[in-house]
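S.K.: Pasting a structure here, questions to come.
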Amino acid sequence: MWVAAFGVISAALAVVSSFGLMLYIGVPFVIIVANSPFLILGVGVDDMFIMISAWQKTNLMDSIKERMSNVYSKVAVSITITTITNILAFYTGIMTSFRSVQYFCIYTGTTLLFCYFYNITCFGAFMALDGKREVVCLRWLKKPETPDQKCSSLKKPCCLPCNSLRDKHKADIHPMNLFFRDYFGPFLTSTESKFFVVLIYILYIISSIYGCFQVQEGLDLRNLASDDSYITPYFNVEEEHFSSYGPRVMVIVTEALDYWDGDARQKLEKCLVDFENSDYVDKNLTEFWLREYVKYMENHHHDVNDKITFLKNIPNFVIGSPLFMYDINITSSQEIICSRAFIQTMGVSSSTNKKLMLLQFRDMAEKCEIPLMVYNQAFIYFDQYSAILENTVRNVIVASTAMFIVSLLLIPHPLCSLWVTFAIASVIVGVTGFMAFWNVNLDSISMINLVICIGFSFDFSAHISYAFVSSSKPSVNQKTIEALYLLGYPVLQSAISTIIGVCVLSAAKAYIFRTFFKIMFLVMVFGVAHGLIFIPVFLTFF
């Protein structure tokens with residue numbers, strides 16, 4: 001129990017060390033990073049379960065040095081592979097164009113690196129100390145000389161798990177390990193079970209692919225606030241009563257322009273008419289100071305093409321039309337360095353239309369002969385709609401490629417590397433598809449989790465695959481059973497601990513935290529299903 005407790009403390013120390021380092025060097029702490037400790041609490045103990053499992057299978061008659069050597073020879077490579085891949089998966093997220101995602105990935109990736117070093121050093125040292133305690137216990141609890149003699153009932157629970165003496169000085173085999181070896185493994189490798197597993201997988205992949213086409217892009221602004229915030233009912237009312245019209249977009253002339261020049265005005269007017277002809281613009285609601293000013297000059301019989309006259313009458317025009325006061329930027333040297341018009345958008349209630357509108361407006365501004373820029377405060381959110389899919393696909397491809405290369409270098413069998421990569425792709429498709437069934441959109445929050453998905457789906461499959469190819473058993477079925485016997489229980493513990501670590505987020509009042517829980521739950525369930533069911537069965541086919 002104390003070893004497991006120290007494993008949790010080791011994960012907590014990794015969080016403190018990593019966060020302290022990141023804050024010291026000036027990496028900003030954003031709200032999404034607050035998810036990281038819950039994640040690390042679940043993930044950081046994964047290696048601990050595997051190390052303890054290997055430790056419990058060592059011979060108590062061996063020296064501490066031999067037992068530690070035996071443990072590290074069995075699990076060090078596997079732990080190193082999964083750590084490298086997890087860190088790579090998170091650091092791949094730095095490539096995204098969303099700053100909040102970058103900061104989250106930097107914090108979490110660095111914390112996992114600290115977790116790894118603390119596990120192979122501090123936690124390993126603590127296991128060695130516990131080994132010395134076990135030696136003392138063996139001397140204290142000597143085997144009775146006659147069968148009818150029994151050890152003190154007080155002594156046994158103080159030193160030994162399961163309230164029993166170890167047989168022949170070996171650690172007790174945990175009942176779950178026996179379950180995987182004697183029941184689950186043989187059942188899974190039977191012909192009927194393999195057929196049923198393949199059928200289940202086909203149904204899973206069909207459902208997932210269907211769900212992928214139903215996923216909605218974009219982050220609803222209501223989801224950025226707490227559930228009890230006044231912002232939520234505000235957006236509900238706006239959507240119900242004012243959804244026909246979108247934001248008023250500024251069309252900004254970004255450089256100095258000779259507005260008194262007829263050709264310049266004609267070019268600018270042409271560009272503005274192009275905007276008004278868009279399906280997303282109500283041309284009757286455009287506000288442009290230059291149009292009104294030209295009418296003003298003509299009504300007062302002033303020469304609009306004369307520079308001095310043009311500039312001299314602007315103050316009087318602004319006094320009479322204060323609406324345009326902040327639309328013209330005139331320097332003290334009487335030069336109009338920039339100005340703006342307003343166009344009214346419509347029919348952009350859906351995230352798809354917002355994305356198309358933004359791309360169309362920017363394309364028009366770029367093609368205009370006059371240097372223009374379009375802007376509205378909401379564009380910071382619309383940008384996400386246009387970038388999220390591209391960023392997600394790029395990150396997933398790069399991270400998956402990195403996972404494949406690492407597994408190819410460190411797992412001594414190319415076929416297993418392909419199966420591990422296949423498991424990554426399969427879990428990503430499953431998580432993405434079932435996101436739609438659980439009403440989770442594809443946004444910057446879920447993109448983080450899909451990057452996480454790559455690392456975790458690699459973990460479970462890599463552990464089992466490595467144990468499979470390292471087995472000396474003669475048949476593939478026996479290799480699978482031994483792999484499940486050695487690592488089935490630690491993998492199951494890892495998944496359950498991670499779910500427990502993040503389940504507290506399910507009760508949060510913020511969409512960000514609930515989404516984190518939902519996707520992590522899907523990642524763990526599908527990841528452990530691949531690691532303990534699908535991949536063990538598929539490995540027996542080759």
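Each Cβ is built from the backbone N, Cα and C atoms, and glycine gets one as well.
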S.K.: Among the residue ranges 75-94, 355-374, I'd like the one that TrEMBL describes as transmembrane segment.
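M.R.: Going through 75-94, 355-374 one by one, TrEMBL flags 75-94 as transmembrane segment.
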S.K.: Please work out whether the transmembrane segment (75-94) lies in contact with the transmembrane segment (392-411), by counting C-beta pairs under 8 angstroms that are 6 or more apart in sequence and asking whether there are at least 3.
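M.R.: In this chain the transmembrane segment (75-94) contacts the transmembrane segment (392-411) - 3 or more Cβ pairs sit under 8 Å.
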S.K.: In the same chain, who gets a Cβ under 8 Å from the transmembrane segment (450-469) while lying at least 6 residues past its ends?
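M.R.: Residues 39, 43, 46, 50, 77-78, 81-82, 85-90, 92-93, 105, 108, 392, 395-396, 399-400, 403, 407, 411-413, 416, 419-420, 423-424, 426-428, 431-432, 479-480, 482-484, 486-488, 490-491, 494-495, 498, 519-520, 523-524, 526-528, 530-532, 535-536, 539 contact the transmembrane segment (450-469) from elsewhere in the chain.
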S.K.: Can at least 3 Cβ pairs under 8 A be found between the transmembrane segment (489-512) and the transmembrane segment (195-213), with each pair 6 or more apart in sequence?
M.R.: no
S.K.: Are there residues at least six beyond either end of the transmembrane segment (195-213) with Cβ under 8 Å to its Cβ atoms? List them, or say none.
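M.R.: For the transmembrane segment (195-213), the far contacts come to 188, 426, 429-430, 432-437, 533-534, 537.
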